[in-house]
Amino acid sequence: MDSNELPVLAYKDGENSVAPIPAHEQQLPTVTAEPWLEISKQGLQLEGLCFDRQGNLLLCEVFGGTIFHVNLPDKKVTELFKSHKQNPAAVKIHKDGRLFVCYLGDFESTGGIFMVDADGNDAQDIVSDIGTEYCIDDPVFDSKGGFYFTDFRGYSTNLKGGVYYVSPDFKSITPVIQNLAVANGVALSTDEKTLWVTETNANRLHRIDLLEDGVTIAPFGASIPYYFTGHEGPDSCCIDSDDNLYVAMYGQGKVLVFNKKGSPIGQILMPGRDQGHMLRSTHPAFIPGTDQLIICANDIENDGGSWIYTVKAFAKGHQSYQFH
């Protein structure tokens, strides 16, 4: 047979994208986000979007250690403070206004959590990097004032990560789930009975039904409703008031949306992703009291900048602990 007569594999539209959308996700309702705010013309590893009670935005830059403050509505960006700990990955706000900063440390055993006042002063350890071996990435508060955090350690064949609960008095740490390949994002359902966890290096979404104590898994209550596809994997997540879950896909320049049972119902794309831009989408968050979702991403690989993008979501965001 002449070589010109052989069957030919050819790219379909979109399949030569740097980050092609898997076939099983191509029929999902899809929107492309709009630019909302440029944080830097440099590629910074933005993370940890969180709003204070005044409606202003805080976020962190992991590798440089800067905690940014964005005054709204004028969107003025300032440096609030520099983390004295290595690789801060998330900022959460207590209802009394204190800032809780999770840091990854050396990515092996020196992560922890410290708290500061609203101006970034008076640092105090909550989870010390001296007496523990966590690599702490994301937290979420419950209504009692305790919080869950993800342990970002391990990789696909070394299951060292997990999720832990810190009591409201910050005196005890209880394991909830363990043996994960880089636990990353964590979110609570509106009734606080379901815990969502993303497992980056295994490309899995965990749905955990909790008993009243908040740490015991209900009988048959731990499941994996979704397996993600592609490199790298699921990152931080948040919920809306309809209990939909929004999961940033790191390395893919998009956010996937799931209903409260874990079925995919939509997706949000970063502009330029097919050409390899803004693939480091890390964290979604809602502007308080609205259905406007913002997502941070950066373009380090292409010597590009660091941006926050925005869309209208399915429902208004859920009011988290700092607004209680």
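Each residue, glycine too, has its Cβ placed from N, Cα and C.
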Record-annotated Ca(2+) 1 site (Swiss-Prot): member among ASN4, ASN179, ASN184 besides GLU47, ASP137, ASP235, SER236: ASN184
Any further residue of that chain within 8 Å (Cβ to the Cβ centroid of GLU47, ASP137, ASN184, ASP235, SER236) of the recorded Ca(2+) 1 site: ALA89, ALA90, ASP138, THR150, PHE152, GLY185, THR198, THR200, ALA248, TYR250, THR282, HIS283
Chain-mates of SER109, GLY111, ASP129, THR132, TYR134 with C-beta within 8 Å of site centroid, Ca(2+) 2: GLY105, THR110, GLY112, VAL127, SER128, GLU133, CYS135, ILE136
In the chain carrying ASP129 (Ca(2+) 2 binding site), residues 6 or more apart in sequence that have Cβ under 8 angstroms from it: LYS85, TYR103, GLY105, THR110, GLY111, GLY112
Integer Cα-Cα distance in angstrom, GLU47 (Ca(2+) 1 binding site) to THR132 (Ca(2+) 2 binding site): 23
Cβ-based isolation winner (fewest other Cβ atoms within 10 Å) among the binding-site residues SER109, THR132, ASN184, SER236: SER109
Inter-residue Cα distance where the pair is TYR134 (Ca(2+) 2 binding site) and SER236 (Ca(2+) 1 binding site), in Å: 18
Site of maximum Cβ density within 10 Å, from recorded positions GLU47, ASP137, ASP235: ASP137
